[in-house]
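A short worksheet on the structure shown next.
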Amino acid sequence: MKFPGSVLASVFLFVAETTAALYLSSTYRSGGDGMWQALTLLFSLLPCALVQLTLLFVHRDFSRDRPLVLLLHLLQLGPLFRCFEVFCIYCQSNHIEEPYVSITKKRQMPKNGLSEEIEKEVGQAEGKLFTHRSAFSRASVIQAFLGSAPQLTLQLYITALQQDVTIGRCLFMVLSLLSIVYGALRCNILAIKIKYDEYDVKVKPLAYVCIFLWRSFEIATRVIVLVLFTSVLKTWVVIDILLNFLSFLFYPWILFWCSGSPFPENIEKALSRVGTTIVLCFLTLLYAGINMFCWSAVQLKINNPDLISKSQNWYQLLVYYMLRFIENAFLLLMWYLYKTDIYMYVCAPLLILQLLIGYCTAILFMIVFYQFFHPCKKLFSSSVSESFQEWLKCACCDCRRRKSSESAEKTDLRSSADREETPCSSKISSMPSQILNADELFSA
């Protein structure tokens with residue numbers, strides 16, 4: 001049975017980040033910074049409450065008679081209790097033989113164009129561990145993008161304003177960045193397992209390393225760009241954030257309303273129509289929060305029973321990173337034009353170049369992952385390089401068509417101009433002949 005290392009990592013980041021947030025808020029209180037204390041506590045306690053609700057929802061504890069578990073979650077101790085329960089199940093599974101097992105069928109990755117179906121026995125303990133891993137993976141994504149991402153942006157903004165960084169704040173920012181990158185990594189793995197649910201997916205260590213580097217560069221550069229722009233244009237950053245957030249928040253609903261599909265009722269049997277609506281609104285909120293800082297790796301599709309589009313759309317990925325790169329470059333340009341005296345000792349052109357190169361490095365690691373280390377790359381209808389080549393061919397063909405149409409229009413204009421000139425020349429040439437005819441008549 002696989003060691004539950006992902007559960008241990010999720011709980012460690014949850015406890016460490018919460019403890020660091022409480023300590024840092026106490027230092028803000030002692031320093032008289034009430035606003036920073038309130039915002040730090042808000043971005044720490046709100047995701048904590050959402051994590052407790054997620055664990056209760058995945059384990060269906062609302063409909064079960066477990067008052068002790070509900071009390072522990074109310075006291076924000078639910079992840080610790082769940083982690084203890086996971087390791088109890090893991091340790092007991094090696095000593096107790098289970099009388100009942102279930103058989104699952106999975107298909108292997110195709111080799112030489114052939115894919116074999118294998119059967120695997122899954123005991124009750126392994127099934128419980130799978131549920132715990134799934135719950136903690138979702139909780140890590142929620143903690144990362146609804147708590148750690150705004151928290152990291154806030155603490156980096158405070159550091160830029162005060163021009164000073166303490167050891168506690170530095171440690172807190174490192175933990176927040178690790179939490180965001182880990183949440184993005186779990187989001188990638190969840191997307192792969194949901195899209196290719198019928199296959200036996202095995203992610204190699206090099207794939208984890210590639211995803212970690214991709215997400216680290218992408219998220220770090222994005223947060224720094226937002227902080228730099230916020231420090232000089234506070235009003236305009238609100239417009240930029242609202243535009244980004246609301247566009248990703250309403251995009252799945254617009255697609256759902258345009259499709260004309262009925263309202264989804266099969267998300268969870270125990271949920272009413274109001275509960276289903278709340279769950280869908282929360283999912284779109286999380287989807288918008290993820291895309292604010294990085295690529296979500298999934299496309300939310302409300303009219304789909306799985307709520308996720310299982311098709312691999314390279315063009316959406318290309319458009320997202322192109323627009324995000326242009327946005328980052330524009331925000332950096334605005335920061336360069338309106339930067340204040342607090343950046344007197346900062347080499348602005350070099351910093352802009354480093355940030356843009358960092359974002360390009362993230363895109364490079366993303367391409368390397370999808371091209372070489374994706375566990376299901378054999379199932380792709382086309383790879384990243386092939387899709388990029390097709391896109392270049394389409395772009396070149398469009399350019400050639402435009403040039404040919406422009407040249408055709410020019411030739412048409414020239415020919416029409418020549419046609420207009422030819423009657424005039426014929427009239428001029430006919431005049432002398434008319435004069436000669438008149439002279440001949442007079443001489444006769």
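Numbers here mean position along the shown chain, with the first residue as 1.
The backbone N, Cα and C atoms fix where each Cβ goes, and this holds for glycine too.
Taken from TrEMBL as is:
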- 406-422: compositional bias 'Basic and acidic residues' (COMPBIAS)
- 423-436: compositional bias 'Polar residues' (COMPBIAS)
- 406-444: region 'Disordered' (REGION)
- 36-58: transmembrane segment (TRANSMEM)
- 166-185: transmembrane segment (TRANSMEM)
- 206-229: transmembrane segment (TRANSMEM)
- 235-258: transmembrane segment (TRANSMEM)
- 270-298: transmembrane segment (TRANSMEM)
- 318-338: transmembrane segment (TRANSMEM)
- 350-373: transmembrane segment (TRANSMEM)
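The stretch in closest packing with the transmembrane segment (350-373), judged by the count of Cβ pairs under 8 Å and taken from 36-58, 235-258, 318-338, is 318-338. Sequence-distant contacts of the transmembrane segment (235-258) (same chain, six or more residues past either end, CB-CB distance under 8 Å): 226, 229, 284-285, 287-289, 291-292, 300-303, 327, 331, 334. Contact check: the transmembrane segment (318-338) against the transmembrane segment (206-229) gives at least three Cβ pairs closer than 8 Å, residues 6 or more apart, which meets the contact criterion. Stretch with the largest number of CB pairs closer than 8 A to the transmembrane segment (270-298), among 36-58, 166-185, 206-229: 206-229.
Nonlocal intrachain contacts for the transmembrane segment (166-185), taken as residues 6+ away from its ends with a CB within less than 8 angstroms of a stretch CB, comprise 9-10, 13, 16-17, 20-21, 23-24, 27, 140-145, 147-149, 151-152, 155-156, 158-159, 208, 211-212, 215-216, 218-220, 223, 290, 293-294, 297.
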